[in-house]
Amino acid sequence: MKQVTEQAEDFVDTRSSGTEIREFEDLRSDSSQIRMFDTWEDYGLKEDLLKGIYSIGFETPSFIQKAAIQPIIDGRDIRAQAQSGTGKTGAFAVAALQICDMSQDVTQILVLASTREIAAQNAARFEDLGCFMGARVALLSGGSPIAADKVALEKKPHIVVGTPGRVEHMININELSMDNIKLFVIDEADEMLKAGFQEQVKSIFRRITNKDEVQIAMFSATYDEEELRVSEEILINPVIIDLRYNDQTLKGIRQYFIDLRKEPPFRKGREDYLLPKLVTLYDIFRKQRLGQSIVFINSKEDARIVYDWLIRHEWECELISAELTQAERERTLNRFRGGTGRCLISSGLLSRGIDIQNLSVVFCLDVPSFERKSTYIHRIGRSGRYGRKGIAINIVYEHELKNLKAIERFYNTTIKELPADFSFQ
(Lines of atoms letter the chains of each structure in order from A and count residues from 1; the text may use other names and numbers.)
(Lines give C-alpha, C1' and ligand atoms only; values in the text may rest on other atoms or scores of the structure.)
Protein backbone atom coordinates (compact mmCIF):
# COMPACT_ATOMS: atom_id res chain seq x y z
CA MET A 1 0.00 0.00 0.00
CA LYS A 2 1.51 3.29 -1.08
CA GLN A 3 1.50 6.46 0.93
CA VAL A 4 -0.50 9.21 -0.76
CA THR A 5 1.57 12.07 -2.08
CA GLU A 6 0.67 15.69 -1.35
CA GLN A 7 -0.55 16.06 -4.94
CA ALA A 8 -2.72 12.95 -4.73
CA GLU A 9 -4.29 14.16 -1.48
CA ASP A 10 -6.09 16.90 -3.43
CA PHE A 11 -8.65 14.55 -4.98
CA VAL A 12 -10.59 11.42 -4.05
CA ASP A 13 -12.83 9.26 -6.21
CA THR A 14 -16.61 9.11 -6.17
CA ARG A 15 -18.36 5.78 -6.79
CA SER A 16 -22.03 5.03 -7.34
CA SER A 17 -22.36 3.60 -3.82
CA GLY A 18 -20.66 6.60 -2.26
CA THR A 19 -17.21 8.08 -1.99
CA GLU A 20 -14.38 6.44 -0.10
CA ILE A 21 -11.34 8.28 1.20
CA ARG A 22 -8.36 6.41 2.61
CA GLU A 23 -5.13 8.15 3.51
CA PHE A 24 -2.80 5.30 2.63
CA GLU A 25 -4.27 4.09 -0.67
CA ASP A 26 -3.66 5.04 -4.28
CA LEU A 27 -6.49 7.39 -5.16
CA ARG A 28 -8.17 6.46 -8.43
CA SER A 29 -9.77 9.25 -10.43
CA ASP A 30 -13.41 9.15 -11.52
CA SER A 31 -15.78 11.46 -13.31
CA SER A 32 -16.73 13.34 -10.16
CA GLN A 33 -14.21 14.30 -7.53
CA ILE A 34 -14.23 15.87 -4.10
CA ARG A 35 -11.61 18.48 -3.53
CA MET A 36 -9.47 18.68 -0.40
CA PHE A 37 -7.55 21.81 0.48
CA ASP A 38 -4.32 22.52 2.35
CA THR A 39 -5.25 25.93 3.79
CA TRP A 40 -8.39 27.33 5.39
CA GLU A 41 -8.56 30.17 2.87
CA ASP A 42 -8.91 27.66 0.02
CA TYR A 43 -12.33 26.55 1.31
CA GLY A 44 -13.91 29.94 0.65
CA LEU A 45 -15.14 30.09 4.24
CA LYS A 46 -16.99 33.05 5.70
CA GLU A 47 -14.59 35.75 6.89
CA ASP A 48 -15.90 35.69 10.46
CA LEU A 49 -15.54 31.90 10.56
CA LEU A 50 -11.92 32.22 9.45
CA LYS A 51 -11.35 34.65 12.32
CA GLY A 52 -12.73 32.09 14.75
CA ILE A 53 -10.58 29.32 13.28
CA TYR A 54 -7.38 31.30 13.66
CA SER A 55 -8.35 32.65 17.08
CA ILE A 56 -8.25 29.14 18.56
CA GLY A 57 -4.97 28.22 16.90
CA PHE A 58 -6.14 26.07 13.97
CA GLU A 59 -3.30 26.94 11.59
CA THR A 60 -3.98 24.38 8.85
CA PRO A 61 -6.63 21.66 8.41
CA SER A 62 -5.80 18.19 9.73
CA PHE A 63 -6.30 15.28 7.32
CA ILE A 64 -9.75 14.41 8.69
CA GLN A 65 -10.70 18.07 8.32
CA LYS A 66 -9.40 18.14 4.75
CA ALA A 67 -11.42 15.03 3.95
CA ALA A 68 -14.69 15.85 5.74
CA ILE A 69 -15.30 19.60 5.55
CA GLN A 70 -15.89 20.01 1.81
CA PRO A 71 -18.31 17.06 1.44
CA ILE A 72 -20.47 18.50 4.24
CA ILE A 73 -20.36 21.97 2.67
CA ASP A 74 -21.34 20.33 -0.64
CA GLY A 75 -24.39 18.73 0.95
CA ARG A 76 -23.19 15.11 1.17
CA ASP A 77 -23.84 12.57 3.91
CA ILE A 78 -20.61 11.26 5.43
CA ARG A 79 -19.41 8.47 7.69
CA ALA A 80 -15.97 9.30 9.01
CA GLN A 81 -13.58 7.04 10.89
CA ALA A 82 -10.31 8.42 12.20
CA GLN A 83 -8.10 7.87 15.20
CA SER A 84 -8.72 9.83 18.39
CA GLY A 85 -7.28 13.32 18.59
CA THR A 86 -7.15 14.06 14.86
CA GLY A 87 -9.65 16.93 14.81
CA LYS A 88 -13.00 15.27 14.08
CA THR A 89 -14.93 17.81 16.20
CA GLY A 90 -13.29 20.70 14.37
CA ALA A 91 -14.21 19.08 11.05
CA PHE A 92 -17.94 18.97 11.60
CA ALA A 93 -18.01 22.26 13.54
CA VAL A 94 -16.29 24.25 10.78
CA ALA A 95 -18.49 22.72 8.07
CA ALA A 96 -21.67 23.23 10.11
CA LEU A 97 -20.90 26.88 10.81
CA GLN A 98 -20.21 27.44 7.12
CA ILE A 99 -23.61 26.13 6.02
CA CYS A 100 -25.56 27.68 8.89
CA ASP A 101 -27.47 30.88 8.05
CA MET A 102 -26.98 33.15 11.08
CA SER A 103 -29.63 35.58 9.82
CA GLN A 104 -32.32 32.95 10.46
CA ASP A 105 -33.54 32.64 14.06
CA VAL A 106 -34.11 28.88 13.83
CA THR A 107 -32.20 25.76 14.84
CA GLN A 108 -30.37 24.41 11.78
CA ILE A 109 -27.67 22.13 13.21
CA LEU A 110 -28.28 19.24 15.63
CA VAL A 111 -25.31 17.40 17.17
CA LEU A 112 -25.76 14.30 19.36
CA ALA A 113 -23.10 12.98 21.75
CA SER A 114 -23.15 10.06 24.16
CA THR A 115 -22.16 11.92 27.36
CA ARG A 116 -22.61 15.39 28.79
CA GLU A 117 -18.84 15.84 28.90
CA ILE A 118 -18.46 15.24 25.17
CA ALA A 119 -21.53 17.33 24.38
CA ALA A 120 -20.21 20.22 26.49
CA GLN A 121 -16.84 20.03 24.77
CA ASN A 122 -18.50 20.04 21.34
CA ALA A 123 -20.71 23.00 22.28
CA ALA A 124 -17.66 24.93 23.49
CA ARG A 125 -15.88 24.26 20.20
CA PHE A 126 -18.87 25.63 18.26
CA GLU A 127 -18.93 28.72 20.48
CA ASP A 128 -15.20 29.32 20.03
CA LEU A 129 -15.26 28.88 16.26
CA GLY A 130 -18.46 30.87 15.84
CA CYS A 131 -17.62 33.68 18.26
CA PHE A 132 -17.27 36.30 15.49
CA MET A 133 -20.34 35.10 13.59
CA GLY A 134 -23.01 35.65 16.22
CA ALA A 135 -23.60 31.90 16.40
CA ARG A 136 -25.99 30.91 19.17
CA VAL A 137 -25.32 27.47 20.66
CA ALA A 138 -27.48 25.56 23.16
CA LEU A 139 -26.28 22.58 25.23
CA LEU A 140 -29.00 20.09 26.19
CA SER A 141 -28.08 17.16 28.40
CA GLY A 142 -29.14 15.19 31.42
CA GLY A 143 -28.00 16.57 34.75
CA SER A 144 -29.03 20.14 34.00
CA PRO A 145 -32.44 21.61 34.92
CA ILE A 146 -35.17 21.37 32.29
CA ALA A 147 -36.03 25.00 33.01
CA ALA A 148 -32.51 26.09 32.04
CA ASP A 149 -32.78 24.18 28.76
CA LYS A 150 -36.10 25.88 28.01
CA VAL A 151 -34.47 29.27 28.55
CA ALA A 152 -31.60 28.29 26.22
CA LEU A 153 -34.06 27.25 23.50
CA GLU A 154 -36.09 30.45 23.88
CA LYS A 155 -32.99 32.28 22.61
CA LYS A 156 -33.50 30.50 19.26
CA PRO A 157 -30.09 28.82 18.96
CA HIS A 158 -28.71 28.14 15.50
CA ILE A 159 -26.95 25.03 16.82
CA VAL A 160 -28.13 22.52 19.42
CA VAL A 161 -25.66 20.06 20.93
CA GLY A 162 -26.91 17.44 23.35
CA THR A 163 -27.33 13.92 24.62
CA PRO A 164 -30.09 11.78 23.06
CA GLY A 165 -32.32 11.49 26.12
CA ARG A 166 -32.54 15.20 26.82
CA VAL A 167 -32.81 16.18 23.15
CA GLU A 168 -35.64 13.70 22.62
CA HIS A 169 -37.43 15.00 25.71
CA MET A 170 -37.22 18.62 24.57
CA ILE A 171 -38.63 17.59 21.18
CA ASN A 172 -41.47 15.67 22.85
CA ILE A 173 -42.53 18.66 24.96
CA ASN A 174 -42.40 20.89 21.86
CA GLU A 175 -39.53 23.03 23.10
CA LEU A 176 -37.10 22.02 20.33
CA SER A 177 -38.29 22.36 16.74
CA MET A 178 -37.02 19.98 14.07
CA ASP A 179 -38.58 21.96 11.20
CA ASN A 180 -35.40 23.62 9.90
CA ILE A 181 -32.61 21.11 10.56
CA LYS A 182 -30.02 21.13 7.77
CA LEU A 183 -27.34 18.94 9.32
CA PHE A 184 -27.66 16.09 11.83
CA VAL A 185 -24.29 15.13 13.36
CA ILE A 186 -23.84 11.88 15.30
CA ASP A 187 -20.58 12.10 17.25
CA GLU A 188 -18.92 8.98 18.71
CA ALA A 189 -21.26 7.18 16.33
CA ASP A 190 -20.13 3.69 17.30
CA GLU A 191 -21.49 4.27 20.80
CA MET A 192 -24.58 6.10 19.57
CA LEU A 193 -25.57 3.24 17.25
CA LYS A 194 -25.39 0.61 20.00
CA ALA A 195 -28.60 -0.75 21.51
CA GLY A 196 -28.59 1.70 24.43
CA PHE A 197 -28.85 4.79 22.23
CA GLN A 198 -29.93 3.46 18.85
CA GLU A 199 -33.69 3.74 19.31
CA GLN A 200 -33.38 7.27 20.71
CA VAL A 201 -31.25 8.34 17.76
CA LYS A 202 -33.73 6.82 15.31
CA SER A 203 -36.63 8.46 17.15
CA ILE A 204 -34.96 11.88 16.95
CA PHE A 205 -34.20 11.34 13.26
CA ARG A 206 -37.85 10.47 12.55
CA ARG A 207 -38.91 13.78 14.11
CA ILE A 208 -36.84 15.84 11.65
CA THR A 209 -39.41 17.41 9.32
CA ASN A 210 -37.32 17.26 6.14
CA LYS A 211 -35.53 13.98 6.93
CA ASP A 212 -35.39 13.05 3.23
CA GLU A 213 -33.25 16.14 2.59
CA VAL A 214 -31.31 16.62 5.82
CA GLN A 215 -27.59 15.86 5.75
CA ILE A 216 -26.23 13.31 8.19
CA ALA A 217 -22.62 13.18 9.35
CA MET A 218 -21.29 10.35 11.52
CA PHE A 219 -17.90 10.52 13.22
CA SER A 220 -16.04 7.95 15.32
CA ALA A 221 -12.70 6.26 15.88
CA THR A 222 -14.24 2.78 15.60
CA TYR A 223 -17.22 0.97 14.07
CA ASP A 224 -18.23 -2.68 14.24
CA GLU A 225 -20.28 -4.59 11.67
CA GLU A 226 -23.63 -3.97 13.35
CA GLU A 227 -22.96 -0.24 13.63
CA LEU A 228 -21.98 -0.10 9.96
CA ARG A 229 -25.21 -1.90 9.07
CA VAL A 230 -27.31 0.60 11.03
CA SER A 231 -25.48 3.52 9.43
CA GLU A 232 -26.34 2.17 5.99
CA GLU A 233 -30.04 2.37 6.90
CA ILE A 234 -29.74 6.11 7.54
CA LEU A 235 -27.10 7.47 5.17
CA ILE A 236 -27.78 8.22 1.49
CA ASN A 237 -24.91 7.87 -1.02
CA PRO A 238 -22.41 8.81 1.69
CA VAL A 239 -18.80 9.86 1.52
CA ILE A 240 -16.96 7.16 3.49
CA ILE A 241 -13.83 8.50 5.18
CA ASP A 242 -11.52 5.86 6.62
CA LEU A 243 -8.33 7.29 8.11
CA ARG A 244 -7.47 4.62 10.66
CA TYR A 245 -3.78 4.47 9.75
CA ASN A 246 -3.29 0.78 9.03
CA ASP A 247 -6.08 -0.87 10.97
CA GLN A 248 -6.22 1.25 14.08
CA THR A 249 -2.55 1.48 15.01
CA LEU A 250 -2.64 4.78 16.83
CA LYS A 251 0.01 6.92 15.28
CA GLY A 252 2.36 8.49 17.80
CA ILE A 253 1.28 6.37 20.80
CA ARG A 254 3.77 3.87 22.20
CA GLN A 255 1.91 0.98 23.86
CA TYR A 256 3.32 -1.23 26.61
CA PHE A 257 2.25 -3.73 29.23
CA ILE A 258 3.60 -4.67 32.65
CA ASP A 259 2.93 -8.34 33.46
CA LEU A 260 2.46 -8.81 37.22
CA ARG A 261 2.09 -12.56 36.73
CA LYS A 262 -0.35 -14.18 39.15
CA GLU A 263 -2.99 -12.17 40.96
CA PRO A 264 -2.80 -12.23 44.80
CA PRO A 265 -3.74 -15.75 45.98
CA PHE A 266 -5.28 -14.62 49.27
CA ARG A 267 -7.39 -11.50 49.43
CA LYS A 268 -10.18 -10.08 51.55
CA GLY A 269 -11.54 -7.60 49.02
CA ARG A 270 -10.98 -5.56 45.88
CA GLU A 271 -8.20 -3.45 47.36
CA ASP A 272 -6.19 -6.59 48.08
CA TYR A 273 -6.78 -7.73 44.49
CA LEU A 274 -5.67 -4.36 43.11
CA LEU A 275 -2.77 -3.85 45.52
CA PRO A 276 0.06 -5.12 43.23
CA LYS A 277 -1.23 -2.84 40.47
CA LEU A 278 -1.46 0.11 42.84
CA VAL A 279 2.07 -0.43 44.14
CA THR A 280 3.39 -0.69 40.56
CA LEU A 281 1.58 2.49 39.53
CA TYR A 282 2.81 4.38 42.59
CA ASP A 283 6.37 3.19 41.96
CA ILE A 284 6.24 4.63 38.43
CA PHE A 285 4.83 7.90 39.74
CA ARG A 286 7.62 8.24 42.31
CA LYS A 287 10.54 7.29 40.06
CA GLN A 288 9.56 8.97 36.78
CA ARG A 289 9.06 12.61 35.92
CA LEU A 290 5.65 12.57 34.31
CA GLY A 291 3.35 15.25 33.02
CA GLN A 292 -0.35 14.81 33.59
CA SER A 293 -1.72 11.29 33.25
CA ILE A 294 -5.05 9.46 33.31
CA VAL A 295 -5.56 6.13 35.08
CA PHE A 296 -8.42 4.06 33.63
CA ILE A 297 -10.19 1.23 35.40
CA ASN A 298 -13.53 -0.34 34.47
CA SER A 299 -15.78 0.18 37.50
CA LYS A 300 -16.58 3.24 39.59
CA GLU A 301 -16.02 1.15 42.74
CA ASP A 302 -12.48 0.27 41.65
CA ALA A 303 -11.84 3.88 40.61
CA ARG A 304 -12.73 4.99 44.14
CA ILE A 305 -10.36 2.39 45.61
CA VAL A 306 -7.49 3.59 43.39
CA TYR A 307 -8.18 7.23 44.27
CA ASP A 308 -8.42 6.62 48.02
CA TRP A 309 -5.24 4.51 48.04
CA LEU A 310 -3.21 7.17 46.20
CA ILE A 311 -4.54 9.93 48.47
CA ARG A 312 -3.57 7.88 51.55
CA HIS A 313 -0.08 7.65 50.08
CA GLU A 314 -0.04 11.43 49.58
CA TRP A 315 -0.17 11.41 45.80
CA GLU A 316 -2.09 14.35 44.33
CA CYS A 317 -4.88 13.13 42.06
CA GLU A 318 -8.47 13.72 40.98
CA LEU A 319 -11.37 11.28 40.57
CA ILE A 320 -14.07 11.33 37.91
CA SER A 321 -16.71 8.62 37.80
CA ALA A 322 -20.44 8.04 37.60
CA GLU A 323 -20.75 8.29 41.38
CA LEU A 324 -20.13 12.06 41.16
CA THR A 325 -22.81 14.58 40.29
CA GLN A 326 -22.65 16.29 36.93
CA ALA A 327 -21.49 19.54 38.55
CA GLU A 328 -18.75 17.69 40.45
CA ARG A 329 -17.53 16.00 37.25
CA GLU A 330 -17.37 19.32 35.43
CA ARG A 331 -15.43 20.97 38.28
CA THR A 332 -13.02 18.04 38.36
CA LEU A 333 -12.39 18.21 34.61
CA ASN A 334 -11.88 21.96 34.72
CA ARG A 335 -9.40 21.68 37.61
CA PHE A 336 -7.44 18.97 35.83
CA ARG A 337 -7.38 20.85 32.54
CA GLY A 338 -6.13 23.84 34.50
CA GLY A 339 -3.15 21.86 35.75
CA THR A 340 -4.43 20.88 39.20
CA GLY A 341 -3.56 17.29 40.00
CA ARG A 342 -0.89 15.05 38.57
CA CYS A 343 -3.25 12.29 37.56
CA LEU A 344 -6.94 11.75 36.97
CA ILE A 345 -8.59 8.47 37.96
CA SER A 346 -11.46 7.58 35.62
CA SER A 347 -13.95 4.73 35.54
CA GLY A 348 -14.44 5.21 31.81
CA LEU A 349 -16.29 8.50 31.37
CA LEU A 350 -13.19 9.99 29.76
CA SER A 351 -12.40 7.12 27.42
CA ARG A 352 -14.29 8.88 24.64
CA GLY A 353 -13.96 12.23 23.03
CA ILE A 354 -12.64 14.33 25.90
CA ASP A 355 -9.62 16.43 24.98
CA ILE A 356 -6.97 17.20 27.61
CA GLN A 357 -4.19 19.10 25.91
CA ASN A 358 -1.13 18.33 28.05
CA LEU A 359 -1.76 14.65 28.71
CA SER A 360 1.37 12.56 28.21
CA VAL A 361 0.60 9.11 29.66
CA VAL A 362 -2.44 6.86 29.97
CA PHE A 363 -2.41 3.97 32.45
CA CYS A 364 -4.90 1.09 32.10
CA LEU A 365 -5.32 -1.00 35.26
CA ASP A 366 -7.48 -3.60 33.55
CA VAL A 367 -8.24 -4.82 30.03
CA PRO A 368 -11.68 -4.41 28.43
CA SER A 369 -13.39 -7.59 27.28
CA PHE A 370 -12.79 -8.46 23.64
CA GLU A 371 -16.45 -7.65 22.95
CA ARG A 372 -15.70 -4.08 24.13
CA LYS A 373 -12.31 -3.88 22.44
CA SER A 374 -13.01 -0.41 21.02
CA THR A 375 -12.85 0.85 24.63
CA TYR A 376 -9.11 0.16 24.56
CA ILE A 377 -8.65 2.36 21.48
CA HIS A 378 -10.66 5.18 23.01
CA ARG A 379 -8.75 4.93 26.30
CA ILE A 380 -5.26 5.13 24.90
CA GLY A 381 -6.40 7.72 22.38
CA ARG A 382 -6.56 10.26 25.23
CA SER A 383 -2.78 10.59 24.83
CA GLY A 384 -0.96 11.48 21.62
CA ARG A 385 -3.68 13.86 20.46
CA TYR A 386 -3.29 16.17 17.46
CA GLY A 387 -0.09 14.48 16.35
CA ARG A 388 1.72 14.72 19.69
CA LYS A 389 3.57 11.72 21.09
CA GLY A 390 1.85 9.66 23.76
CA ILE A 391 2.44 6.61 25.95
CA ALA A 392 -0.04 3.95 27.07
CA ILE A 393 0.86 1.53 29.89
CA ASN A 394 -1.29 -1.53 30.67
CA ILE A 395 -0.68 -2.91 34.19
CA VAL A 396 -2.10 -6.43 34.06
CA TYR A 397 -2.13 -9.87 35.59
CA GLU A 398 -1.21 -12.95 33.60
CA HIS A 399 -4.83 -13.94 32.94
CA GLU A 400 -5.55 -10.50 31.41
CA LEU A 401 -2.81 -10.83 28.81
CA LYS A 402 -4.96 -13.11 26.66
CA ASN A 403 -7.49 -10.31 26.09
CA LEU A 404 -4.75 -7.73 25.56
CA LYS A 405 -3.03 -9.91 22.95
CA ALA A 406 -6.36 -10.54 21.20
CA ILE A 407 -6.93 -6.78 20.98
CA GLU A 408 -3.37 -6.34 19.70
CA ARG A 409 -3.98 -8.88 16.92
CA PHE A 410 -7.39 -7.54 16.00
CA TYR A 411 -6.17 -3.96 15.55
CA ASN A 412 -2.87 -5.01 13.96
CA THR A 413 -1.00 -2.94 16.52
CA THR A 414 2.03 -3.52 18.74
CA ILE A 415 1.92 -3.68 22.55
CA LYS A 416 5.37 -4.43 23.96
CA GLU A 417 6.44 -5.44 27.45
CA LEU A 418 7.75 -2.36 29.25
CA PRO A 419 11.57 -2.48 29.47
CA ALA A 420 13.02 -2.31 32.98
CA ASP A 421 15.10 0.75 32.04
CA PHE A 422 12.26 2.58 30.28
CA SER A 423 12.24 6.37 30.60
CA PHE A 424 9.11 8.45 30.08
CA GLN A 425 11.13 11.48 29.00
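Using N, Cα and C of the backbone, Cβ positions are placed for all residues, glycine too.
Within the listed segments 38-66, 154-182, 241-269, Swiss-Prot records motif 'Q motif' for the stretch 38-66. Checked against Swiss-Prot, the range among 19-22, 187-190, 327-330 recorded as motif 'DEAD box' is 187-190. Same-chain residues at least 6 positions away in sequence with a Cβ under 8 Å from that of Lys88 (ATP binding site) are, in sequence order, Ile64, Ala68, Ala80, Ala82, Asp187, Phe219.
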